[in-house]
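Take a look at the structure below.
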Amino acid sequence: MERDFGDKCGRRDFFLQESEFSAKKKKKMKKKKKEEEDPSWKMKKKRRCESPVEDPAVGRFGDGGRKQYPLRRKRSRSPEENPAVERYRDEDRKQYPLRRKRSRSPEENPAGGKEKQVREDAKTSAYLDINNYSLYKELGKGSFGKVVLASYTIKDQLTAIKIIEKQREDDLKYVRREASVLQIASRCPFLCRAMATFQTQSLILLALEYVSGGTLQNIIKTRGHLNSEQILFYASEIVVGIKFLHKNGIVHRDLKPENILVDDQGHIKICDFGLVCTRMYGEKTRCGYYGTPGYTAPQVLSEEDYDAGADWWSFGVILYEMATGKLPFSPKGTLEQQAETIINGEPEYPDSLSSTLRDLIEQLLKKEADQRLGVNGNIRHHPFFSTLKWKRVKKRKLESPIIPKPAKGLIKKDISFPKENPSETRMLKRFNYVDPSWLE
């Protein structure tokens, strides 16, 4: 059986091989016959890219005038071959006009967009006109200028105007920086914001919101010192304001009770951004002395590199002053002497201070900046603030323990804006600004 099966397989393979051989033989004979009938057939097959007709148009691409198929020409775009192209060459573009921008004219826009823009410009220009402000009295002196109480006569609104004279070019960059921070401050209820910023040929004017309750410094001087409940209230709102600044890369560098205003409801507003430094993100540091003696961190006094920790040191000094009525370190002497006093000394803590408040102040007055609370750790998690709900603090929901007395009637004094300097013609670009709430 096995032999029969093998014989069958062998015969099958033999017949397959014979059929393949005969097919190849037939193909070869057919090819030979074709060559005998047409001798040029073999040459055609060998040189498929060549053309039997010479084309002079492609001679420059060939090799010595070798016959080639002509290169494929690009599709013609001339008006003769493609009349549709003419519409793109028509100067008037009557057939296919360009798409026009959407019209905002009163005729085509029922809302009267153009007229509305003119009305807003008219409102804005009124707020930016120095002649529409009437001055009452001087409120104080800030960095680079004095602050006066004024009113916007058209609406009879009170405002505090900071008047800065255009004298030195170096001062203008600080003024521009202060103006930009005042605009950012409108997003935080615990920062003093700008209602308008404008200029004349020789003056820069920052119209700030008027905060009528005085300053935290006045409250401390009047009462001597504050109790824990009062300190907790003011400290929590100051923390929210400082953290907002730091989140936006802003370090104040001059925090002190004099720069913390109190409004008519008793809530605080941090003011005077004339010495701020901006773009302070991550591990970025600055160097140089800025601030007020008694409130500046040792790194600032020594003119070393410092970061947002400088503000947390100043906040610790403010807490100590609210609790005791005095400064933790003497502000007397040169900068080097003040720095030595801080490095070699320790503040005295009265027994009346609660343990949590004392610990908070000690954590803020760490001499090494990287160990200072606010830089190292979240200050809101400190036990002194454990009874607070920070969401209520941010929304000004806490009731103030001290309500300032209402301001007395204003008596206009004989003060006026400084005279214009005709020789001064510098105008700051993109400086004029009006807060949207004033336009309502």
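Yeah, the Cβs are placed from backbone N, Cα and C, and that goes for glycine too.
Per TrEMBL, the feature region 'Disordered' maps to 19-120.
Marked as compositional bias 'Basic residues' by TrEMBL: 24-33. If one looks beyond the compositional bias 'Basic residues' (24-33) by at least 6 residues along the same chain, no residue has a Cβ coming under 8 Å of a Cβ in the stretch.
Among the features that TrEMBL reports, compositional bias 'Basic and acidic residues' is placed at 77-95.
Summarised as a single figure, the pLDDT of the domain 'Protein kinase' (133-385) averages 93. Taken from TrEMBL, the feature domain 'Protein kinase' covers 133-385.
Among the features that TrEMBL reports, ATP binding site is placed at LYS162.
Around LYS162 (ATP binding site), a 10 Å sphere centred on its CB holds 28 further CB atoms from the protein chains shown. DSSP states for the compositional bias 'Basic residues' (24-33), grouped as helix (H, G, I), strand (E, B) and coil, give 10 helix, 0 strand, 0 coil.
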